Amino acid sequence: MVSLGERRPPPGDLASLSELDEASLLGGLRERFLRQQVYTDIGDILVAMNPFQPLPLYGREVSERYRHPQTDTLPPHIFAVASRAYHAMLGYRGGGPQSQCIVISGESGAGKTESTKLLLQHIMNLCKGNSQLEQQILQVNPLLEAFGNAQTVMNDNSSRFGKYIQLRFQKNTVRGAKLSEYLLEKSRVVQQDTGERNFHIFYYMFAGLSSEEKEIYGLLDPSLYRYISGRFGTQDVAQRWKQKYQEVCNALDMVGFQEQEQVDMQAILAGVLSLGNVTFEPEERNGSVKVSEASQGWLKAAAGQFGVQEDELLKCLICTMSVTRGEQIQRFHTQQQAEDARDSIAKVAYGRVFGWIVCKINELLAENVDPEVELSEIGILDIFGFENFAVNRFEQLCINLANEQLQHFFNHHIFQMEQAAYKEEELPWETITFNNNEPILNLLLAKPLGLLSLLDEQSAFPQATDKTFVDKLSSSFKGNSHFQPGRGRVLGFSIIHYAGKVQYAAGGFLEKNRDTLPANVRGLFINSITPLLSLLFTATISRTGTLMPHVKAKVIPGADDKFNSTRKQSAGAQFRHSLMMLMERMYSANPHFVRCIKPNSQKEPGVVDSHVVLLQLRYNGLLETIRIRRDGFSWRPSFEEFAERYGILLVKPGVSLTKESCLEILQSTELTGWICGKSRLFFKYWHQEQLAKYVERLERAAVVIQKVFRGFRCKKSYLKLVAELRAQAQRLQEEAERERSRQLAMEAEAQKRISLPVPMPRKRRPQPCPHPPDKSSQPPVPRPRSKLTESTPFDNFLDPSVPRPVLGREEQTGEEGKMRKCKRGATLRWFKETQAKKVMQDDGAFPSWLHGMISRREAENLLIDKPLGCFLVRISQSRPGYTLTYRGEGRCRHYMIEVQPNARYVILGEDRAHASLTELVRYHQTVGIQPFMEILTVPCGQKSSESLDYKDLECLRLGPPEAEGEAHPEEQPCPSGPSTSQPALQSGAAAVLTHMWFRRNKNSQKKQSQDKSRTKPSSVKKIGSQRAFPRLHSSIRLAMQEIQQFSSTALNTSVQNGCQVLSIEHVEPK
């Protein structure tokens, strides 16, 4: 048996290796990987190898095993990192509550994005706040992946941006989240290298939108679009993309995006694709350019999708307007300048859509707490991995700079801080050398002679070119061992990074760093009739490059030149500032490291390429990390911190915060291997777990003491109460005896008196009572509700043998009754104003499963004798919303249904949003409700036709009564399932909202007669009874017709020419 002070080497910890060299390290990782053990510990640092296949390691059972703070006896896992960070944030691991950050690093394709999703999943499982916020946070990742990830030659789901997710906690409950994004690769929108694709969302839209929706948005065959290189996937890939599109739409609904916002966003994305097909040709008269005849329709389509005038968009593409001394001067573009303007508009439009999504997420997930309340935080960094492609551009330089900064952060915490503490405390220590990449950071970030500073300097000169920039670098960094100028005629340079040498092509560096917006484009888009596009270009850009929306304001002529002249932040400067702010956040938190390793470059499961893995182990410095984790002391608390945290182990009051107290505490334990310095203590990384076990043992003892004391106190109170009751009963008995004696005395005295006989009254025969009392009409007294009937927040056990009260509402008096009545009225108004039309069927009646504002007990009484799977939906009595009551095995479950601000219906804890209540019911008739996966089967109707439980809703009539001669429609059976109620119930339900139905029916008849002439797709999403369309969908439709007409004309012309050529070939030989 192992005592608390002894340590058994945990499984899979490389810090316990007896022989420490590259061969043993590589062999250990290979052996574990081939056994599908993809996680390995180096002390408190996790190494994760990408399996390139799904593994059964992340189910609910596995997650439950890693819920507890002590995970040292469990195998290494990504869930263990999440558990350590969460409990350290709560103050479990010593030092008190403190913000934490989890840094996930590795090269592209190593599995960083999947690790981020797993960390979020387990942290949300740990906090268990039972609110919809957890599900909304989990939906952020798939949403951002669609808009920010793309396929590259190294990774099928490569992050083309960096993100830092900050989870805000109040005690152990998540209260909000904030997202920071870094350096979206906007150039991918207009250009992709061989073997790569554009951002996922474009392919998802083509695969997921129906043909009617594509017509509305103005999307044709994907092979026609230049920005996606005319390539699409196979049938299987398209089916997978279709499913991904549905997940993206659900994530938008879950997070809280409005329907019209989603439609406008997709229209802008379609406009970006259409704009990419606009081509130019030279004008013969004045040397300017014009839009080619073949792309006139594409220009018209892009203008309609953006919600702007076609001629105004054309001006922004082919010329530049400037104001000099009050006069407007028009300068025409060359063909290359026109193409650059087209691509710039596409890049900035997509970039601002992405920035708006991030800003909207932050707005919807912001914490709603008192500003004075102090919140703890867990940050998760998922940033682009180190990249070395065949052609590396400006984006790769920024990506690799971010990875250099993360490697320096790792070195600072693991090597520099630790070894500096040993030197300061004069501990015997043999210095461990490591690859310090600080000179590379100075090469890139130093002022005024760093690479980015020189790039900004050259970008400020209008006459500067990429060649002058390269020449400037070669002269400034001559002799620097980390810089190599390009050889031969190649316009580029090389940098020796911590992960190896990378050669950069300097073409386009200045243009991408300037990130200029074509003149007049901002004013054009601000005045767009599409509110979202107007908002995107009204917003300002912060120093870190993030979007800062504000109130829309019209742009006056000439304002664009002022906007462009005052904007001095280049793309490189914005990235540098955002990187600096990220490092400040991370240095202020306690870090946890996850090092992701790619086992092979072919993305094949079960294959380990020793050369690829060994190269990553070397530049990540994992061999040195193992050595310092094995021999070093990663936890170094001061005497005050340690005594304050663990003084309870002495089990005495008033422990002084001194060195002597610390030594006394440690001597009372069985810990070994620690060292006492001059001002602090030095512990191994596992000592925190062992000390936590000592504290936990005392906490359990304290619970036992509290239990015994509380039991003694309750017993004493009980005995005192019993004695008082007995004394009271004795007094009452004595009083009753005295009263009886007095009565007997009075009777005896009355008997002694002599009285004359009194004649008896004449007896009458009893007459039958004209109105006999109806005892059956009086309801029995309802039994009190026992707390034992609630095993979970949504469970109630059912016992048919137990008597139950009839349907009826208990009257309440006093302040509680007034408050309940007020809430009830507010909920009825909410239902009348926002829900009545949505819940009603086409015939004006309610579905058979909908009930009124009945209580929880009344719903259970309705379902107690119903079959398994029977259900009903009732209006909540205390909040605007619904509750779904389900008849389970021997119990009833109650699921809360929330109506989100974007009019989406969500069962609390579910990860799917629905457009209507009926759609929610239909969905869960085939898919079970989590966590018990219960499927709805039979709807529960009304108990009787005389007493409808939604008579409270009779006040929802919207208009005056119609003529009495009009017949009332009868309710049809519920389309979602078989109805168990009688026809009389259906007619009764239809009568509740009959006036509403007649008004609605008259309006719908007019609309149907108008819609017969033009058919509109039924698959478009709706808001209530109104459909959401792009603002200029009629113009988009005309543009699509023009494009298709031109394409068919060109095809016919080519066919005719081909036939003429064939006829000539046949004639000539004769």
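Backbone N, Cα and C define each Cβ position, glycine as well.
Lifted from TrEMBL, the feature list:
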- Gly106, Glu107, Ser108, Gly109, Ala110, Gly111, Lys112, Thr113: ATP binding site (BINDING)
- 807-819: compositional bias 'Basic and acidic residues' (COMPBIAS)
- 9-699: domain 'Myosin motor' (DOMAIN)
- 849-940: domain 'SH2' (DOMAIN)
- 579-601: region 'Actin-binding' (REGION)
- 740-821: region 'Disordered' (REGION)
- 960-986: region 'Disordered' (REGION)
- 1000-1027: region 'Disordered' (REGION)
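Using a Cβ-Cβ cut-off under 8 Å and counting only residues 6 or more beyond its ends in the same chain, the region 'Actin-binding' (579-601) has close neighbours at 29, 33, 44-52, 78, 81, 84-85, 88, 98-107, 109-112, 115, 154, 164, 166, 180, 182, 377, 379, 381, 385, 401-402, 405, 409-410, 413-414, 544, 607-609, 612-613, 616-617, 620, 622.
Apart from Gly106, Glu107, Ser108, Gly109, Ala110, Gly111, Lys112, Thr113, the residues listed for ATP, the same chain places the Cβ atoms of Asn50, Asn155, Gly385, Cys596, Lys598 within 8 Å of the centroid of those Cβ atoms. Within the same chain, residues at least 6 positions away in sequence whose Cβ sits under 8 Å from that of Lys112 (ATP binding site) are Ile104, Ser105, Gly106, Ser159, Asp382, Ile383, Gly385, Cys596. Residue density at Ser108 (ATP binding site): 20 other Cβ atoms are found within 10 A of its Cβ, drawing on all protein chains shown. The local packing around Ala110 (ATP binding site), expressed as other Cβ atoms within 10 Å of its Cβ over all shown chains, amounts to 24. Break the region 'Actin-binding' (579-601) down by DSSP state and the numbers are 9 helix, 8 strand, 6 coil.
For Glu107 (ATP binding site), the same-chain residues that are 6 or more apart in sequence and have a Cβ closer than 8 Å to its Cβ are Met154, Gly385, Phe386, Glu387, Ala499, Lys598, Gln616. If you draw a 10 Å sphere around the CB of Gly111 (ATP binding site), it holds 25 other CB atoms from the protein chains shown.
Within the domain 'SH2' (849-940), the DSSP-based counts of helix, strand and coil residues read 15 helix, 29 strand, 48 coil.
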